[in-house]
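Residues or ranges marked as ATP binding site by TrEMBL: 80, 81, 82, 83, 84, 85, 86, 87. Look at TrEMBL and you will find 1-328 tagged as domain 'Kinesin motor'.
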């Protein structure tokens, strides 16, 4: 109830979100207090204390991650006092998987999107910079096993004539998948400087910048899109008068407050339109974030607040700083460039191709045969050419026609082998032919092809016979001959119907009807004709080819009337397929969660070892070791036990 009186949140979709603080006046006898009571701030979105990490990611980090994949730079940084939840928001908690912060969720989302873009080639690198007491350290250095922060390589800022910032000694680690990226994240988190303060017992005493460098290009294209995403966890500001810091913590607080003060100066200068000089060089933090604050970048700030009454002044100051940041307008542009390596390779191929064309036109052709070494080299070139997925790759053979002809022969042999090994491509027309001719589907494809060739040959022979007969007979006899040679249609026979308007059918329809006398005369003529037996044999053979076999009839009827048991089994198989797909999706999610939990446990183990070592050192220094105890520890285990048991009570 007391906290509900301190602040109130009003989220409206159309005009934005409002955060209001109420500071009651301190009444004193005899004095008039005109102190301001209500402080109201407007933001794009205000998240209350019950918000989940997933909602934070969806509203803040996901739009920035989408812009990174499109080729724009992005920055997300958290600002607030110590203990307000900056590290929890950016990195996440170390206890539960659901407490993952913006960085691990963004990495998971980026690699999921990258795996879906099959037409694009992505390359990702990661860097992790820590700024402690105005000194930069590389948290991902692979050549050092640092036990202290000072053992890590120091990062230096360098500026070129175009005022571009370069970080010397900051390594870029290649990351091919989400697992490698998370390993790098937890490696850097383990090396971070963590100390206890009166405001927070696990406060980060340094600024940390986790950067994802993304390079994207289409296959075969020389155009690159380079983008980078800064995820910044700023150190918490402390008021020395409230915290009572001293010693090393006081020195750290001075550096932190000074760097945050310089950051605020840069923000104020950028928000003023008439300012010509921006003091980026005052601190290392502002120099590194130069592009993020006032350059080519899409920047999002998260203001974290501790809403207790004793922290109201700091919360109001943080809101004012956030509103000044909102006044800055950056112009984010698409970062496209030509990869010089790919351009050089393409130009070299063009030069080589032109040289080969020129040599082919002006040069002399060789007539001797290819050597064994040349043939082997050509086979390797053809194999590499066929295995290359890039459609723009070329096969450079030079102006030698012998090599060109040999490569064409190799390609033809490869194609024929492919056809032979992939006979299944011919099964579809063969199966449809089985249905058309009413032949069982179990007949092998080779037999069907042979049948087709034989039938084609017989049809050609029959056509030649008909042509010979029609040339020597009258038109009436020709029509009668055509009618008699057609097989009789019964229940077990089906005529080809693919082309109902074929030449023979059209000629039959146009021909005049024969009289009964002529039909009887034609039958008598055919019985005595020399080709009568051949024609009858062909008719019987055609009937045999067109008759529907009994097993196929039964199979067709069984397909029309599906067995209930079979139907239930089919439904069960479909359900199992759906369950399998769902299980695979769950396993992928569980795998990511398991890897994250393993890394959390590993980091907790390292921290526990450090804490134990620190505790052990303190206990050892505080305990006064006596000679009697020292003697006990120096004795062997067996002697010590015997000696202790011999002592009187």
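Glycine is no exception: its Cβ is also placed from the backbone N, Cα and C atoms.
Under the DSSP three-state reduction, residue 85 (ATP binding site) is assigned to coil, being neither helix nor strand. Just so you know, the Cβ of residue 80 (ATP binding site) picks up 25 other Cβ atoms within 10 Å once every protein chain is counted. Counting neighbouring Cβ atoms within 10 Å of each of the binding-site residues (81, 87), the lowest count belongs to 81. This prediction places the mean pLDDT of the domain 'Kinesin motor' (1-328) at 81. Burial estimate for the binding-site residues (83, 85): highest at 83, by number of other CB atoms within 10 Å. The Cβ of residue 84 (ATP binding site) has 236, 304, 305, 306, 311, 318 as same-chain neighbours under 8 Å, each 6 or more residues away in sequence.
Note on residue 86 (ATP binding site): other Cβ atoms within 10 Å of its Cβ, all shown chains, come to 25. Its Cβ taken as reference, residue 82 (ATP binding site) is surrounded by 23 other Cβ atoms within 10 Å in the chains shown.
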